[in-house]
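Shown next, in C-alpha cells, is the structure this report addresses.
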C-alpha cells in the first residue's frame, strides 16, 4: 500500500505519524521520573521513535519496525529543513531597542555566552588533538563538535550535515546528535541541582527562598517569551499565526537570497567555499531584516511573538523527534568513548565557568543571570528561560528581558550562528591546532573584556 503513495502523500503520512508520536511522547512524559527531570516531550517521543523503528524493534523482529522505510526517509531529512524555521523565527517579534540600550542590557549575557562557546571550541579542540584523534581516530573536524552540539543543538548538527559529509566525517552527525540529546538532559538536570545548591548556600543570594519541588511546573516545552517582547496585537485582517508564518517564510527567502549571492560572489573568485554552507545561520539575519522592516514601517505591533514562538516550537519539536528517532545506533556504539569524554568536558566546563566566573561577568543578581547562560550552553534558549524562572519565579530581576536581548547579538554568531557554521571549513582550511589556539586566545580576550566591563560598571554605579 505504501508503495502506491506519491512523494507528496508519503510526506503527508510521515507528518501525520509524527503528530501521533508527539501525543505518545506527551503521554509518556507523565511518568514521574521523566516529569521530575523536566525532560521535554519531544525528546521522549524521539526515543520512542528510535525504539519502535528499524534500529531497535526492526532489528529484533527482522522488519522495518512500525514505520515504513519511506516515512523514516522523510524524517531523516526533516531536521535539516526545520532548523531554518527555528532560526528564521529567532529575531521576528523581538523588540529592537537602540543599539546602546540593547548592548547595555545584553552585554553581560552575550559576553558570558560567547565565553562559554569559545571554551567549548577550545577544550573540544584540545581533547581531539591530545586524546580523541590519536587514540580513538576521530577526525580533526570533531574539534568543533562540542560547541555545535551543546550550544547549537540538534538543528545545528543536522544543518551542518552536508558540511560534515563534504569534509569526510559523516559519522560526526550521529555523534553530534547524541551529544545534543545528552546536553538537553544534563542542562536541565545539572541546572536544577545548581539552583537547589544556590537556594541552600549561604554564600549565594538569590530571589528564591525555598528549594524547587518536583511537583512545580517548569516545562521546557512551554512557549517562552521575554516580558519585553509581550505586547497586545491589533487586528491586522489576518490571523496572527498566519502572519507569523508569512514573516518566517520571508526571513527564510531573504536567507536564500543571501546564500545565493555569497555563492555567486565566491564563484567570481573561483572559490566554492559557500557551496555547502548551511542556510540556517543566514536565516537569523533574514529574520532580523524582516523585523527591522516591520519596525521601520510601523507594522511591528501587528506581530504576535507567541504565534511566532509557537510555530518555532512546532518546528523544533519535529526536529528533535526526527533527529533522535533516526540516529544511527551503530555509529554511536563505535564512538561511546568520544561521546563520554565530550559530555564530561561540556558539563564540567559550563558548571565551573558558572560557579567561578558567572559573578565576574554579571554585575547584579549574578546567579539568576548566569544560570540562564548555563542553560543555553547546555541545551537551548528555552532551557535558559526554564532555569531562570526556577531561581526567580516572580521575575523580580531583569534576567528574562536581558537574556532575551542577548539573542540579538549572540545567535547570529555562535550557538549555531555564522562562526559555528564556519568552524568546520576553518578547521579544514587552517588545521585543528591553529583553530584551537585561536579559540583559546579569543577565550582569554573575551574573558578579560567581560570581567573588566563588569568591574567598570560596578565602580561607576
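Placement of Cβ uses the backbone N, Cα and C atoms for every residue, glycine included.
In TrEMBL, annotation is done automatically, which means it is predicted and not curated.
It should be emphasised that the depicted structure is a prediction, and the values quoted were computed from it without experimental measurement.
Database features, via TrEMBL:
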TRANSMEM  12-29  transmembrane segment
TRANSMEM  36-57  transmembrane segment
TRANSMEM  77-97  transmembrane segment
TRANSMEM  109-132  transmembrane segment
TRANSMEM  175-199  transmembrane segment
TRANSMEM  241-262  transmembrane segment
TRANSMEM  277-295  transmembrane segment
TRANSMEM  307-332  transmembrane segment
TRANSMEM  338-357  transmembrane segment
TRANSMEM  408-428  transmembrane segment
TRANSMEM  434-451  transmembrane segment
Could you check if the transmembrane segment (277-295) is in contact with the transmembrane segment (408-428), meaning 3+ Cβ pairs under 8 Å among residue pairs at least 6 apart in sequence?
-> yes
For the transmembrane segment (307-332): best-contacting stretch of 12-29, 77-97, 338-357, 408-428, by Cβ pairs under 8 Å = 77-97
Which residues of the same chain, at least 6 past either end of the transmembrane segment (338-357), have a Cβ under 8 Å from a Cβ in it?
-> 112, 115-116, 119-120, 123-124, 127, 131-132, 136, 138, 142, 145-146, 149-150, 175, 178-179, 182-183, 186, 190, 194, 332, 370-371, 373-374, 377-378, 447, 451
Do the transmembrane segment (175-199) and the transmembrane segment (36-57) come close, with at least three CB pairs under 8 A (pairs 6 or more apart in sequence)?
-> yes
Sequence-remote contacts (6 or more beyond its ends) of the transmembrane segment (408-428), Cβ cut-off under 8 Å?
-> 83, 87, 90-91, 94, 96, 102-103, 106, 109-110, 113-114, 117-118, 121, 140-141, 143-144, 147-148, 151-153, 155-156, 159-160, 163-164, 167, 273, 277-278, 280-282, 284-285, 288, 376, 435
